[in-house]
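Q: In case it helps, Swiss-Prot gives these features for our protein:
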BINDING   H68, H70, H143, D170  divalent metal cation 1 binding site
BINDING   D72, H73, D170, H212  divalent metal cation 2 binding site
Amino acid sequence: MTVEGFFDPATCTISYLLFDSGSGECALIDSVLDYDPKSGRTRTASADQLIARVAALGARVRWLLETHVHADHLSAAPYLKTRVGGEIAIGRHVTRVQDVFGKLFNAGPAFAHDGSQFDRLLDDGDTLALGALSIRAMHTPGHTPACMTYVVTEAHAAHDARDAAAFVGDTLFMPDYGTARCDFPGGDARSLYRSIRKVLSLPPATRLYMCHDYQPNGRAIQYASTVADELRENVHIREGVTEDDFVAMRTARDATLDMPVLMLPSVQVNMRAGRLPEPEDNGVRYLKIPLDAI
């Protein structure tokens, strides 16, 4: 198992390439379509880095995984699918996100709320094959109702936590930054606490890969820790922090946070599996901005 991270400084997002060298198969996780909110321009520079690395490895893309419907960047999954293939997968509870935001954006009857925009909807405990690797979907709601953690192990080997990895999306961050916010529609701090405890019940040596790193105090980029690191050092949820204490802390902290800059553009695209709106009769695509609604 090889894991490579690709950091996008504009959104502090880490996209991942998960590679099984024996089979040559790979998965791309939480990709980014570059978007400039001032000009409305999209670019594919971040996604093209993944494409170049896939080509350099001679890999075959089997899965394009989303840990959740992101509210801080646009997904590049459809672009990647056209360039390198792969099936787009997300947690089945994406339908709850589609219900909420379909109404907010007045998406109309043409917008299906059944997750059919994605190739594969995953339930808790579902597994995906990637060569000799097994990817298990672990439902970890709290940040959003649809959040999934992807736990990766060798499919046919005796379990060894040193060879296990989990892509945690927006649940945990590096120990010096803590945990994800829970104040988006459908978010819930108590659910997040329980989800994180589920992640932290994995073997202590399991490597945890973050979806974001905000470089507190200007430190260098970091995006991987272990279960043991988080239990020992996480500033929000280390061992000994009770559920009630966490909920109180998370609720108070969330009340001070601004909305992500790209939330409105991101969600209306990502609830459609990253597909941009169809051009109107003048050949131009448009995003919607609801006024005084959030």
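Note: Cβ is positioned from N, Cα and C throughout, glycine not excepted.
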Q: Would you kindly give the Cα-Cα distance separating H73 (divalent metal cation 2 binding site) and H143 (divalent metal cation 1 binding site), rounded to the nearest Å?
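A: Their Cα atoms are separated by 15 Å.
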Q: For H212 (divalent metal cation 2 binding site), what is the secondary structure state per DSSP, taken as helix, strand or coil?
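A: It is in a strand.
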Q: Fewest other CB within 10 angstroms, which one of the binding-site residues H68, H73, H143, H212?
A: H212
Q: Whose Cβ lies within 8 Å of the mean position of the Cβ atoms of H68, H70, H143, D170, the divalent metal cation 1 site, other than those residues?
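A: Surrounding the site, in chain order, are T67, V69, A71, T144, C147, G169, A180, C211.
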Q: Just checking: which of H68, H70, D170 have a Cα that is within 10 Å of the Cα of H212 (divalent metal cation 2 binding site), counting only these binding-site residues?
A: D170
Q: Quick check: with D72, H73, D170, H212 left out, which same-chain residues have Cβ atoms within 8 Å of the centroid of the divalent metal cation 2 site Cβ atoms?
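A: What remains near the Cβ centre is T11, C12, T13, H70, A71, C211, P260.
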